[in-house]
Structure formats: structure tokens, C-alpha cells
Amino acid sequence: MATDGASCEPDLSRAPEDAAGAAAEAAKKEFDVDTLSKSELRMLLSVMEGELEARDLVIEALRARRKEVFIQERYGRFNLNDPFLALQRDYEAGAGDKEKKPVCTNPLSILEAVMAHCKKMQERMSAQLAAAESRQKKLEMEKLQLQALEQEHKKLAARLEEERGKNKQVVLMLVKECKQLSGKVIEEAQKLEDVMAKLEEEKKKTNELEEELSAEKRRSTEMEAQMEKQLSEFDTEREQLRAKLNREEAHTTDLKEEIDKMRKMIEQLKRGSDSKPSLSLPRKTKDRRLVSISVGTEGTVTRSVACQTDLVTENADHMKKLPLTMPVKPSTGSPLVSANAKGSVCTSATMARPGIDRQASYGDLIGASVPAFPPPSANKIEENGPSTGSTPDPTSSTPPLPSNAAPPTAQTPGIAPQNSQAPPMHSLHSPCANTSLHPGLNPRIQAARFRFQGNANDPDQNGNTTQSPPSRDVSPTSRDNLVAKQLARNTVTQALSRFTSPQAGAPSRPGVPPTGDVGTHPPVGRTSLKTHGVARVDRGNPPPIPPKKPGLSQTPSPPHPQLKVIIDSSRASNTGAKVDNKTVASTPSSLPQGNRVINEENLPKSSSPQLPPKPSIDLTVAPAGCAVSALATSQVGAWPAATPGLNQPACSDSSLVIPTTIAFCSSINPVSASSCRPGASDSLLVTASGWSPSLTPLLMSGGPAPLAGRPTLLQQAAAQGNVTLLSMLLNEEGLDINYSCEDGHSALYSAAKNGHTDCVRLLLSAEAQVNAADKNGFTPLCAAAAQGHFECVELLISYDANINHAADGGQTPLYLACKNGNKECIKLLLEAGTNRSVKTTDGWTPVHAAVDTGNVDSLKLLMYHRIPAHGNSFNEEESESSVFDLDGGEESPEGISKPVVPADLINHANREGWTAAHIAASKGFKNCLEILCRHGGLEPERRDKCNRTVHDVATDDCKHLLENLNALKIPLRISVGEIEPSNYGSDDLECENTICALNIRKQTSWDDFSKAVSQALTNHFQAISSDGWWSLEDVTCNNTTDSNIGLSARSIRSITLGNVPWSVGQSFAQSPWDFMRKNKAEHITVLLSGPQEGCLSSVTYASMIPLQMMQNYLRLVEQYHNVIFHGPEGSLQDYIVHQLALCLKHRQMAAGFSCEIVRAEVDAGFSKEQLLDLFISSACLIPVKQSPSKKKIIIILENLEKSSLSELLRDFLAPLENRSTESPCTFQKGNGLSECYYFHENCFLMGTIAKACLQGSDLLVQQHFRWVQLRWDGEPMQGLLQRFLRRKVVNKFKGQAPSPCDPVCKIVDWALSVWRQLNSCLARLGTPEALLGPKYFLSCPVVPGHAQVTVKWMSKLWNGVIAPRVQEAILSRASVKRQPGFGQTTAKRHPSQGQQAVVKAALSILLNKAVLHGCPLPRAELDQHTADFKGGSFPLSIVSSYNTCNKKKGESGAWRKVNTSPRRKSGRFSLPTWNKPDLSTEGMKNKTISQLNCNRNASLSKQKSLENDLSLTLNLDQRLSLGSDDEADLVKELQSMCSSKSESDISKIADSRDDLRMFDSSGNNPVLSATINNLRMPVSQKEVSPLSSHQTTECSNSKSKTELGVSRVKSFLPVPRSKVTQCSQNTKRSSSSSNTRQIEINNNSKEVNWNLHKNEHLEKPNK
């Protein structure tokens, strides 16, 4: 029966037994008993036992019902109604074999199937019931957690309410401050509206001026049109008359020939002799023409008049091109010809050639060709004297005219120069200059003006004589009439100037005739219009200089041009422009600094206390037995506890049990807060009120205290940093300080984790377990190291904490510190001797952890930080400098000291097989990978478990780094060869400079190497010649081959790889990498082409003078032979001249000529006879009888400023200009014999003058030489120092240009600004002889990290060079107008007290404005070096008070007129005529009053030293009693410099001592004390120092009136305390003018005491 029910789905074709066997076989196939585990077998056994018991029960029941069931089965279902049942019965009865199955299903099999299904359902239900029970358990746990969260929510809500209350108070305070600030904003807005209104007024005035200017332009255009019309009529009439004249001349000539012919025929007939007609007619015509001119010249004075309005034209008809000769009366000697006389056209600009032969043939006149024009250069050179205007545009230059073509008429206006905006500028070509024509005007008008402006007794404007033969001036009165004729000529010129004045209506310069705006232009003027005169004065006696001849001005051109309506671009943008007699100053440059100072002063007020994240209760530490009285007070300013990323300890959720009696033990001392971090509590009153509100009454009440919750309270006190509560709890007996909460956190762990150093110290002193670990194995040291609390780490280490303790995962404190990038903790642990090679369970080392975070500093400390020998830790700066220099190269200590970690640690692989290099490369941490690669034992080819190398997993940047791992870094140097000795001014020039390091890899080819060298040179040249600090990466995007200085790869002469010569593009058999390794090439040297090759590239690189300018200088020397270089002292004149001479010498030698350089130094005793001997001995002067040699001589005359040029060179000017045997000159030798000499044409003469401008009689020499002026404010000198210092910095950094914010760049920029500001101030003071060239600043030291070295060098330069030159220059200027008895030398040797005071004031102003201003050193360090500068202790207030004590109120306006006048040019020693009367009157008053005061105040003449006392007593009348107008004007210039905003503010840098007292402008307050009584604010000494440019006060007794609507600026000068009450009530403030109202001091006061105190209350600036 049991087997029959084994099959649930019987098969009709098989017996039940077979079905059961098939089911058993299927069950065997489904699972194998052998594979079951022990528990599974037990379960199977239990199931099978239950199955057997169930089967037994079924069997018993079936046996009881057996009989009934069989009867029912066999017979109960058969009836007559169902024929199918009968068929079944018959089937079963008839079938004999057992193979047939019954027709219907066996009931037992059905029962078995039902039982199996029920068992399956029972199993499913049991599984679902178990799952439901587990879900019910989870639900219960979640309910418990929800309840806990609700309780926590209630607590947080209560805290939030408290925080809201506190925040509400803070918000009220902020609202109050906002109201105050809004009031200030309204005030500032009102001020802004006022300023904008003034600006609108100025704009309206400017628009009106523009309209007037446009109207004037229209009128001038109309007048020009009229003049053009008239001139065209005149031209027509002239041409008609000229044609008629030519016809008459031809007819006259024919008649003369016929007459001569007839006379000859008559003579022949008379004589009756037979003569042969051998002479041809043209020959006789030519001879007769010569005779005619000769007779005209000898008989009467003849003049050749050439029309100026016609251009050069040539025709085949030579008869019409002869100059017209007409007689002039000898008695008058007038250089002018009557208006009816018409001249002919000049054939060439250089036709006339002064000669001895009176009869110059026509062929000689025509033979001269048109001179070639020098190509216009990108950089213009001012060659013929100082230039004060803008450089003309070379693009408008007219090309040279061919000799056989007539230029078109439309080209004539293009000849005019482009400098209509500029003052007079000297010509660029020598010996003489051309007169400028204004652009936009018709050349005929210019010609008319030019004609009346010339001087007929001089050579013409181009230095050429006329085309007619020269004739002697036979009139004895001609020279006497020169002045009258000159005045007449000037009158006509002024009349014509109405139509030829420049378009830009610039006012003419004061003190100069109105026609002084005539400029000059480049050599285009060679083909321009000109006037020819016949009469010529003998060269031995120089003619008087025409007043308007450019290049011959009697007054040297000033270094700074007059300010016009269009300000010159060379001036600074904040320079005040003089427009319509009103001075408009731009915004002062000191505003940003002023804002910064104000922000610093408002800092204590604006920085409100930072609120802690939790409320706090201050617990005051009291002695034993005292009650706690300040428990409930709130400390708003407490710092929040620094717990970044940390969870609150679990034990803090417990309820509090507060004792009712608290006693203090005197053994627990309060811990100072000085050792706490900024994030920790900064006092003993630390935060403690994060608990329930019942803390205060419980603590204040008495009674016994239960000890049940004390460990929990201890945990909270330690976690929150409550030192007071912690010390109270530690004093109780029976308290377990090592108690751990559920997470295993002890009180020491919580304190260390949160960084509470004081709490850690208290717990450690109470003998808490220092190595107590939590449930994860982390000790307090691990927690502190992970959170970066280095002070706690240091404290725990000092208490012998286990520094190598490993947590459950193997993490040590060092590993945790590296993982979080806490380098202070890493340093402390390393110095304590921790093990760097401890590995975690995953195989990670601290190196893996540091690299994984990408922290370079941590990795460097791990690899390079050594354990101190005696336990002294390295200084932080030393350790950083020793390991943090990535690009130091050979200078880096890493290249000297080896890494301290072994190679095994660097190459250690973790569980996945990854080394630290794998991690760094895969994450793209290039810096970390570079540090790892520097370790010699790194194995970059090591593979991980996936068979990948470091290169396989690296990013692109890291792959590039790995590829360059074995690359050779070869430094690339530029060499300029040998530099000449230092006497040529080249002692500061460097021979070699390292520009970069080339990376040569194994796969680098020679083509790639050539491209790299060329690109590196190009980038370097562009970087050093740029305007800003460029790095090599910034330059690579620029594809231009030439730099601003003209150097490129084409400037290379040769390249050496080590010692092997190589050229760009050359290839060797070996690769560059193998070649460098084999030849051991340590450097690559590039040699530039120099003078030896006839090039100037090396000179350009050594001196930083652009190559185009050097080539232009060389062209001038080759073309004109006589060139003089002049400029301020130190402008490298000697170096430039010597290098040009060398280059010229080698060029001549290459051309096959022998050449020699002769150098002579000129001193005060150098005489004309010595110069003559030099010329004769060097074969420059050759006797007339001797034939010239082919040898070429270069003569260099140095230091010509030490002698008088006019006396030294006067006799040599004529033969130097005309070098031929036809113009000899007689010289007398030392033996008394005289002989005729002439200058050799192959002689080159170059001279140097260390003087900014020529003066006096030296100007007579100017027209005979080509002059090259080296101005300090123009190229090449202007940018030379900047380029030179930038190259020095690049060389110092091994080719790597630092960033602009680098201290080295700042100190170099400061040195550069010192040179520029110094020269700017000296030019304003009118002392051009004190100007300095850049040579003195080339030795500026560049020491990275030591800016003090540069400041010390600057002090030596100031004391040794600058200050003596300034003193000498100011004394010489102040002594110019002394009496004859008191000469200049006497004044220099024995200067008066006034002169000494002026010198001291000038030195102090220059030092503060030009030198100390802008120094990047901190104020404290700068004050230490200020004492090294001489002249810095003079009080600047003396300059402000000068000349005011002697004035009455009525004289204030007159002083204003003087002060607001245009600044005098530096080159003029005489005052403008309109300025003299006022100054001379004031000077006499000052002199008289000062003499009286000298007698009355003789006892006050001594001055207390500033070093002994801060108070300075001065008798101003006695100290500044000046005796000349020039001194008075010099002092006024100093006053304007003190208050000028166009220069840097003097008040920013003052004495290091507090000798200047500054106040804010008091507006309309009558007395300054009333202002001080307002809102006060104590400031520190740093804020009292005169760094702020706006804490000033203006005091004056005179009326505060404005001139021409321009308001006055407040004074930046200090105010004497004794005269504080003299502030005027009507003082006004403004920032639109650079003039200053001066302090007026009563005459009756004998002395003014300048008391200065450090701790004074100053009024806050009212911004």
C-alpha cells in the first residue's frame, strides 16, 4: 500500500511498482546523499522518520477498512445505469496479465498525493511564520529607536529655542549696525552726487572748448583755401614771367653771341688776316657762360634765389635750370631779395658743395645725386639733441625721388611731419636740421613762412651753401644789421604763423617766442622745400644762431615736454593736465591703500564674535571652599569645539545626575589656554551648558551627591572641553576616570578626539590610561592623529603613548595621520620614532595612505624627514624648505640627502598587488608620482595581480612623467663671448646665462632636438623682452620668431654640446640621448654672433639694447662719420661706442681694409693741442701735400663733458664737415710751424658725453655732428633696466621665470620703480645733471628669499652715488643767481643755512617719494633699514611752512598764482619773465625779515637731534632764509612735490620715528579740538604710523578761495600741534587739484615744537 501511493501521477502503461521505482531513480538523480552536510543529514533523517510514522498510521487505518473498501471498490460502483463501468469490470475480470493498469485511479495513490501536498503546504506556512516573527522583532526594535529619536528631538528643539533667543540678540545688534552703515552710505552717496555734479560741469566746459576748437579749425581751413587760391594765381603769374624771362634770356644770349661774332668779324676784317674757325659754337657758349658768372660774382655781390614752393624737377634743357644771378647792393648787405625777383628750381638737396674754386661749372652742380634715405626704423633714435616730442610716424615718410622723374604734386603734403602735437623736436640728421612743416597745411604757406624765417648769412637749413659760387660779404655793416634783419624776419614769420599755426590749439610754452612750436621731421626733409642764400660767413667765426633754427636752440630741451591739451603718452596717467589755466588732476593713486587702512581700522568693530554651535555656561575656577557664583552666565564669544567629522559619543545621551555639593581641591591648578588650538576653548571659562536647564539649581543646592551617573558626566565634560567641570569631577573620590561607554570610548579618548588639550592634560595628570582602546582597537593617540590635533598628539607622546599601536584593522597613528593629511601629526610621530613600515590587514602602508589622498607634504615627510639626533625637532621652515622644493634641481636638498625609506617600502604591494606608484599614477597625482620616482629604488615595471604596470594604469600626465623618468636634463646656456674690461661700462654685464633645461629622452631625434633648442631660444628672447613677467608656458603660444629686442634663432653663431660643436639641423650617428651620455655633456652652450663677425646680436643680449637700434647707430656712424652719444651719466655710452667701434672695425677688415681704433679719455686738462696731436698721429689729419692712405681710423673721445666742446673742437668743425683737399685748414703745431691739413674721408669720429643736455656755448658744436641722445625716459634706456633685471631673475631661477607675485619679482620691480621715480623727481626739480642712467642699477642683487640684501644694496647706492649727486646738483642750481663775489664754487664749499635746509629737504623728499615708497618689505623690517639711508631724518613740515610765516592774508592769492603756474622745465635755470616780479619781491622780503630774525633768535639756531628726542624745535625763519629767486622757486617745487598727486604720496612713507602727526580733515569745524572730542577710537601704533594717505588735515589762516572754479586739495603735510587752533573755518576738501594750501605760522612765535606721541587718539577717517 505504501509503494502504491508513491507515485502522484500514475502511468497507464506501467505497473504501480514500476512507477515507484522510477520516482526513486528520479529522486536519486535530483540529489546525492554524499554531498549533504551533517546538519542536512539530520534534518533529512527527522523528515523520513515522520514519514514512516505517518505511513504506519495510514496502514493501520486501511487494514481496518480493508474489507469494506474492497467490497465497495469491487461492487459498489456497478449499476445498470453506467455501461462504462460494466466494460471496466469485464476488462478487469478478463485480463489475466498484470501489465494492464486499472481503468480508474487507485484511491490510495490519490491519498498519497494529497498527503504530499499537505506536507509541502505545511513547510511553506512554517517558513512564512518564521519570516513574520523576524519582521515583528525588527518592528519592535524600530519602535524603540523611534522613541529614542523623539527624545533626542525634544532635546534638540529645546536647544534650538535657546539658540534662537541668542541669535535674536545678535540680529538686533546687526540691525543696529546696518542702520549706522546705511547712514554712512547715504552720506557717501551725497558726496558722490556732489562730485558727479562737478564732473558734469567740467564736461560742459570741455565740450565748449571742443566747439571753439572746431570753429577755429573751420576758420583756419577757409583762410587756407583763400591763401591757396591766391598762391595759385601767383604761381600762374610767376610761370608766365619765368617763360618770358627765359625767352628774353635766350634772345639776349643770341644777341650777345651775334655781337661777339660781329666784333670778331670786324676785327678780322680790320686786321686783314686769315684765321681758321676752330672753336665750335657750343664750346664758346659754355666758356662765355662761366665768364659771365665770374664777372657777376666779382663785380657786385650776387644772390641766387631758388623758389621754395617747387619740387625737384629735371629737364633736358639745361639752359633753363641755371640759378638767376642778380646784383645786390653791397652797402645794405640784406640777405633778402625783393619780391619781384624770381628764382629757379634747385636740382638736388645736396647740389651745393662749398669749394675754393669760384668758377663752379654747371656739370659740377648737376653731378650731385639725390641722397639715399635711411630706412625708417621701428624704434626712432633721437640723434641730434634732446627730443621732447613724440616720434614721427615712419610710414608717412616720402621715398627718395629719382633724379629723372618729377614727383606728383599731391605728394607734397606728405612731406610734412606728424608731430603737430609735440613741442620742438630736433632733427634726426646732422649736421643741421630741417624746419618742420605743419601737417594739413599747404606747402606753399609753409614755404612762405620758411623763407622769412631763414638766415641768409648762415648756411641753409640743410647745412648746404647755395648753388652760385660763394662770394665774400663786402659790406662792413652787414653784421651790425643782423639783429634788425632778424627782428624783421621774426615779425614776418609771426604774421604768417596765423595761417600756419598747428591744428591742435595748444598754448605756446611760457617764456618762449610764439613760433616755438615749429618741429622737425626725419630725413624726409632732404627733398623738402628750402631757402638758399649766397653770402657765407667764414667758418672760423661761427655766425649768430637763428632764433628758430631747430637743433640750435640756446636753451636745452627739457626732459619732460610741456603738458598740452593732449597729454604725451610717456607721462603717467595720473598726471595733472594744464587746460585753460585750470589744473585738473586725475584720481590719486593712493586710494587703494587708503581703503585698505580704513578696513583695517574697522576690523575690530566689524568682526562680531563667532557664536558657538552649542550654548555655554562659564564655570569659574574658584579656590577650595568657595561657592560657584558664575555658573549661569553665558559666554557668547567662546570658540566652538573643533570636531570635524566626528560623532558625539554615545554616552552623552544619558541623563544627568548633578551633585548638590561641589568641593575644589587645591592640587588641581587651572590650565592655561595658550596651548589650545584656535578651534579649542581659549579660556578656562569653556562651554558647558549643553545639558538640561536644571544644571544650575542642582549645582547650587546642598546635600549628598549620588555617584551613579558620574562617569557619564565625566564623558560629557571631556568631550565638550569643559575644563572646570572636569577638574571638579576628577577631585571626587571613587570616580573611575578610565570608564568606557558602550563604544569603548573613555574620557581621555573623547577629549583627544575633540582636540581639547587642557582636558587631555588634566586626565593624563590624573593618571588616566593613555593606551586605552575602544571596541575597534583605536587609542586616544589614534583618534588625535586622525583628527589632526597635533598638540594632543604631542602631549600623549610625552606621556609615553604607544606610537606603534595597531588597531583591529592594523591602522597605526601614523597611518591615520597620513590618511587624513595631517602633516604636523606626521612630523611629531616621525620625530618620536614611529615605524613607517607597519602594514594594515589589507597590506597598506603609510606611504599608500599618503599617496591615496594625494597629499604631497605628507609623502615628503615620510620619505625625507629624518629623526633628530638629540631629540630636537626640526624647525618647521627648515623641514619645509628641505623637502618642498619640487623644481630646485641641483640646489634642492633632496638632490643631496637621500630618502630615508628603503626601496622595499616604496615597492611594497597591497592585497591587489598595487604599489604606491600604481595608486598615484591611476589617480593622476603627478606630484606624488614625481616624488616616488626620485627614489632610486622605485620599480616602475612592477606588475599587479592583473599583470599591469604603473604605466598601464597611469593617466596621460603621469604617463608623460614616467616616459621622462630616464630623460636627461641638460641646461641650455647663452654665451656672448668675452666682454671687454670694466672701463667700458660693462662690469655688470654677464657672459653666460642659463635659460632653461632641455629634457632629452631615449626616443628623442635630432630633428626634435633642433626644434627644441630653437624654440627654447625664441621663448627666452620673448620672455625677457616682454612688458610683464612671462613664464615659458605663456610664451609658447606665440609663434613669432623675432622678439622685441630683435633676437631670434638666426642670431646664433655656434652651438656646443659639452665640448663638441654642433649646428641646428645637424645629425650624428647616435641619438641625442646616447650622444649626451657618451660625451658626458653637462651643458649646451649657444654662442651669439658678436662684433667679431660684424654683428651686434651678442651686444644686444649683453646690454639689452634692441638690435634694431644698435644697427641704426652703426648705420649713423658709417654714413655720417661724426657721431656723439650723450645722455645722463650711467647710460652705457662708453660701452655702446666701443662695441660699435669693434663691429665697424671687423666689417672694414672683412672688406679688405686695415682698421685701427684709437681711444682717448678727455679730462679738464685736455687741450686743443693734444687733440691736434692725436688727430695727426692717428693719420686722421693729413697734410695737403700728402696722399691719403687706405687705412681706416676709428677715434673715440670719451668723457667730453669734462671739457668745453666749443673751445676743444672749434677749429676742427669746418674740416670735419668738409673732408677733402679742397677745404683745408691751417693748424699751428707745438713747434710754432703752421701747415695745411684736411681730414681723411676714411676717419670715423665718435664721442661720449655724460650729460643730459647741452648748454651755453657748447650748442655751437651741435650742428656739426650727428647726435644720439640716450634719454632715461625713452628707448633704449627706458626698458633696458627692466629687461636686464628680468634676465637676471630668469638666470637665477635656472631658466624658470617666477610668478609676478613672487617676492623676487616684487623687489626687482621696486628697484626698477626707484630708478624711474628718482629721475622723474629730479627732472621736476630742474636738476638734469643729477639724472642717472640705468648702469648703476644693473648690479641689483637678486637673492631669492632675501629681499633685505637688495634694500642694503640700495642704501649703499643712495649714500655713495645718488645723495652726493643730488646734493651737488641742488647746490649748483641754488647758486646760479648768486652775486659774482660768491661764485658757484664758493657756494658749494660753504653753502648757506638756507641752502643746507633745501638740500636736506630735497634728499628727504626724494628718499621717501622715490626710494622707500613701494618697497615690498614689511613695515617693521623697512624701519630697520631706514636708518642706513642718509638724509631721511629731515622733517618734511619745514618745506610746507617755508615762506608762509612772512606773509599776510592778502598775499595768499599771490602765492597761489605762483604755485599754480606751469612747472618750470628742468633745463631752464632762468625763471619765466612773467613769474619774476612776484618772486623777487618775496625773496627780498624773506631776506630782510630773515636777517632780523637771525639777530633776534640767534640762541635758537641749534637743532635737537632726532635720535635723542622725538620733539623737533625749529626756527623756520632762520633755517629757510633763502637768498635767491632760484632757491625760492626750488622750494616751491619741493612744496608742490610734497603735495602733488601726480607723484606717489609722500605721506605713505615717512620717518620710521613717529615724527609726523596726522589728522583727518575737519570740514567746517572752527577748532580741531572740537573734532577730536567727537567719536574716538584707540588705534595701535601701527595705525598711527603715517601709512594712511587720508588721515590728514589742512590748516590755513588765509581765506579758502578757489581760482577759476577749481577747488583745492587738502594738504598732505603734517600739522604742528602748537598751531592746531589756527585751522580756518572755511577750509574745503576736494581731490581734483594737486596744489596745497600751506600752513601759515605767526611771526611772533619764536619756535614751533613738533611733539609727537605714539598713543594719541585720532579721529576715524570720514570716508
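Cβ coordinates come from backbone N, Cα and C, glycine included.
For reference, Swiss-Prot has these:
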- 386-396: compositional bias 'Low complexity' (COMPBIAS)
- 583-593: compositional bias 'Polar residues' (COMPBIAS)
- 1582-1599: compositional bias 'Polar residues' (COMPBIAS)
- 1624-1638: compositional bias 'Low complexity' (COMPBIAS)
- 1639-1648: compositional bias 'Polar residues' (COMPBIAS)
- 1653-1663: compositional bias 'Basic and acidic residues' (COMPBIAS)
- Arg498: asymmetric dimethylarginine (MOD_RES)
- Ser1524: phosphoserine (MOD_RES)
- 1-23: region 'Disordered' (REGION)
- 203-222: region 'Disordered' (REGION)
- 367-440: region 'Disordered' (REGION)
- 454-478: region 'Disordered' (REGION)
- 498-616: region 'Disordered' (REGION)
- 1449-1482: region 'Disordered' (REGION)
- 1581-1663: region 'Disordered' (REGION)
- 809-838: repeat 'ANK 4' (REPEAT)
- 842-871: repeat 'ANK 5' (REPEAT)
- 912-942: repeat 'ANK 6' (REPEAT)
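Within the same chain, residues 845, 847-848, 850-852, 854-856, 859-860, 863, 886, 894, 898-899, 901-904, 906, 948-951, 953-955, 957-959, 961-962, 965 sit at least 6 positions outside the repeat 'ANK 6' (912-942) and bring their C-beta atoms closer than 8 Å to a C-beta of that stretch. Distant neighbours of the repeat 'ANK 5' (842-871): 809-810, 812, 814-815, 817-823, 826-827, 830-831, 833, 836, 879-880, 882-884, 894, 897, 899-901, 905-906, 908-911, 916, 919-920, 923, 925, 927-928, 931-932, 935; these residues of the same chain sit at least 6 beyond its ends, with a Cβ under 8 Å from one of its Cβ atoms.
Nonlocal intrachain contacts for the repeat 'ANK 4' (809-838), taken as residues 6+ away from its ends with a CB within less than 8 angstroms of a stretch CB, comprise 776-779, 781-782, 784-790, 793-794, 797, 803, 844-847, 849-850, 852-853, 855, 857-858, 861-862, 865, 867-868, 871, 873-874, 879, 901-902, 904-905, 908.
Averaged over the repeat 'ANK 6' (912-942), the predicted model has a pLDDT of 89.
Secondary structure of the repeat 'ANK 4' (809-838) per DSSP, as helix, strand and coil residue counts: 17 helix, 0 strand, 13 coil.
The helix, strand and coil residue counts that DSSP assigns across the repeat 'ANK 5' (842-871) are 17 helix, 0 strand, 13 coil. Counting residues per DSSP class in helix, strand and coil order gives 17 helix, 0 strand, 14 coil for the repeat 'ANK 6' (912-942).
Note: the region 'Disordered' (203-222) comprises 20 helix, 0 strand, 0 coil (DSSP; helix = H, G, I, strand = E, B).
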